[in-house]
Each structure stands twice: as structure tokens, then as C-alpha cells.
């Protein structure tokens, strides 16, 4: 398969909520950003329900989230995609990666990894120390014996080494040749060169991650058999033709990893079920990562904070326009959080105000910019 990778033309954005509970203000803020990014250019917006992690799924949460989005005035095109219905596609993707020789079994428990690694400040991303990669390199017979014995294991994807990397590649394949072939300036501001993933984020400007040192070999199939988030979102975005991704800045590092997975999939012959036939598939999507929204204590908003979820706010008779107006203010699209509709923001939408001021924000009841309805919800 030959793919032409270009920029320009219509784009496809997506909502990708996890049905683990009711949406809160922080979720709506991200959803509004994604919707405006696509709709301001007259482009497609799709819906994906990320329900692959079955233990986290709350029954009925998907319908509540879609109802809340309709109530807010945030629409999408076509029918929703459900990850729970796509196991065959993920199995196929796994085989494409396996053909590239970039996968290996990992027998480490979470406790083992926590003991050997330290999370990165800011996003909590934990770089795997490569224990089982070294085991495969130094003692392949032991690995084979453990697999035959049926020892529980996850599957990891190996990262390419940077030019400065000193670790020996332990997965016997030629996939290192996948990286570094095309300079970033020829890849639409995004690419992987000498084991370094580069992309020009529309909010946080150019980003560079050494995949081996700053990302590390990552799980794409868990020990319990469930497919990993990092794999399924790449497969889904390829199949949906998504090339406009908006999400929180805590996923900046994950973007580098997903670029590598995407590149390996396409090199392994992955054939996307792309519904967007108006232009050829982009090699890498465009990205906008948003500042995080914290609670008054400085911790990131979570769905367990029920006073700020959509059910609680709607029960307080807060209007859609009040919520959208506040989220527009969080996106730096208006100087004060005055009520408005999503459509009111389309004509003047730009990432430039947020790019110029992308500090995280905390929701505080005593802040003079906090509207009364939100101050009351914050207690």
C-alpha cells in the first residue's frame, strides 16, 4: 500500500470520552476545544466511546455523556464508534506490529515497575526500565520457557534508539530503519528522526521526545488480555481518518509514543478503514494540547467530584450557555466568562490566545472571575 501524506484540505476531529462517569467542567472544556477546532473550518467531527477498559466503564455513562453534549450544543457527524466492538481490528493491528519485530513479552508486575522507575514530574508518565527487553536479549531461552509455561505477561512495543542512545536494541528486527528516514520539515511539522519524536503543538509549540529515554517501551496489550489505550487510540484514529486531535497537556508525552505506534503500524501494512475519502491520509495528525483545569486544592479535576459534573450542574438549573461561556473563557476565547453558545465562537476561533497564555487554571470559589453558579457548585 502506498499512502500519500499531505496537509491541507478538510480535516476530521473527534470526541473521545471514556464512559467512567458523568462529564465535568474540565471534560466540557476539552470537548469544546475539539469541536471548535474542527467546526470553525467547516470540517467533520466524529464520536468515539473509549470503553475498551471494561473495569472502568460505568453502565449508561456513554448515553449520559452524549445527552450532555447535545444539551450543550456540541454535535457530531454519523454514528458513534465503540471500542468494545472493535477487538478484531486491534488483533489485526497487533499482527501488523508483530510483523515489524517491535513487540516483546513483559513479565513485570506493576509493583516491579514502580520499584524500578520514577514517574515524570507533571504528567506521571513512568518510563519502563527495560527489564524484560534485556531478559529477551540476554536469556531468550528463559523467555521462551516462561511463555511455554504460560506465565502471565503483557506485550510491549520497543522504542527506537536515538543517535545518542547507548542501550543495545534487544528485539531482533530491522525496525530501527523506520525512524529517521524523513526530516521533520518534510513531514508537516511532525516526524520521528533518530529515535526522537517531534511535533509542532498548536498550543505548546514545538515538542521533542527521545522515545527511548523519555517515553520507554510501552504496554499495548495488558496481562489481563485487554488492549492498551496507547494502541487502540492510534488504530481508531487511523480507521476514522482523524487528523485533528485536541486533548489535555498530560498527554503530550503519549503523543510521541502514539506517533511511533502509528508509524510502525503503517510500515507493517496496516490498512485503515478510513471513512474520510476527501483527501489522502496524513502521516501524523495535527495536535493541540490544552492546559489542565484543577480544583481549588490544585489537583486535576476528576469525575468523582460530583458537584462539578453535568448532572449536578443541570440539577442546579445552570444553563448550557453559562457552561459554554465559562469554558470559552478557559480557552482564552473571551476576556470574561459571559454566557454564549458554541456557534457564537466559531467565527473568531483561534488557538493563538491560548498559545500566548497556557498556564493551568484552578477553579476557586473566591476568585473574582468565578461566576456565581460555579462558586456555589464549588461550595
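Each residue, glycine too, has its Cβ placed from N, Cα and C.
Residues or ranges marked as L-glutamate binding site in Swiss-Prot: 14, 15, 16, 17, 18, 50, 229, 247. DSSP classifies residue 50 (L-glutamate binding site) as coil under the three-state reduction. Counted within 10 Å of its Cβ, the other Cβ atoms near residue 50 (L-glutamate binding site) come to 22, all protein chains included.
DSSP gives residue 106 (Zn(2+) binding site) a strand state. Here Swiss-Prot flags 106, 108, 128, 132 as Zn(2+) binding site, drawing on similarity to another entry.
According to Swiss-Prot, the feature ATP binding site maps to 303, an assignment based on similarity to another entry.
Residues or ranges marked as region 'Disordered' in Swiss-Prot: 161-188.
Residues 49-51, 53, 56-58, 61-62, 64-65, 68, 248, 292-293, 300-306, 308-311, 313, 323, 326-327, 363, 374 of the same chain lie 6 or more positions beyond the ends of the motif ''HIGH' region' (17-27) yet place their CB under 8 Å from a CB of it. Residues or ranges marked as motif ''HIGH' region' in Swiss-Prot: 17-27.
Residues or ranges marked as motif ''KMSKS' region' in Swiss-Prot: 300-304.
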So how many other Cβ atoms are close to residue 17 (L-glutamate binding site), meaning within 10 Å of its Cβ? 21
Helix, strand and coil counts within the motif ''HIGH' region' (17-27) (DSSP): 3 helix, 1 strand, 7 coil
Pairwise CA distance, residue 17 (L-glutamate binding site) versus residue 128 (Zn(2+) binding site), rounded so that it is a whole Å: 27
By a simple count, how many Cβ atoms lie within 10 Å of the Cβ of residue 229 (L-glutamate binding site), its own Cβ left out? 20
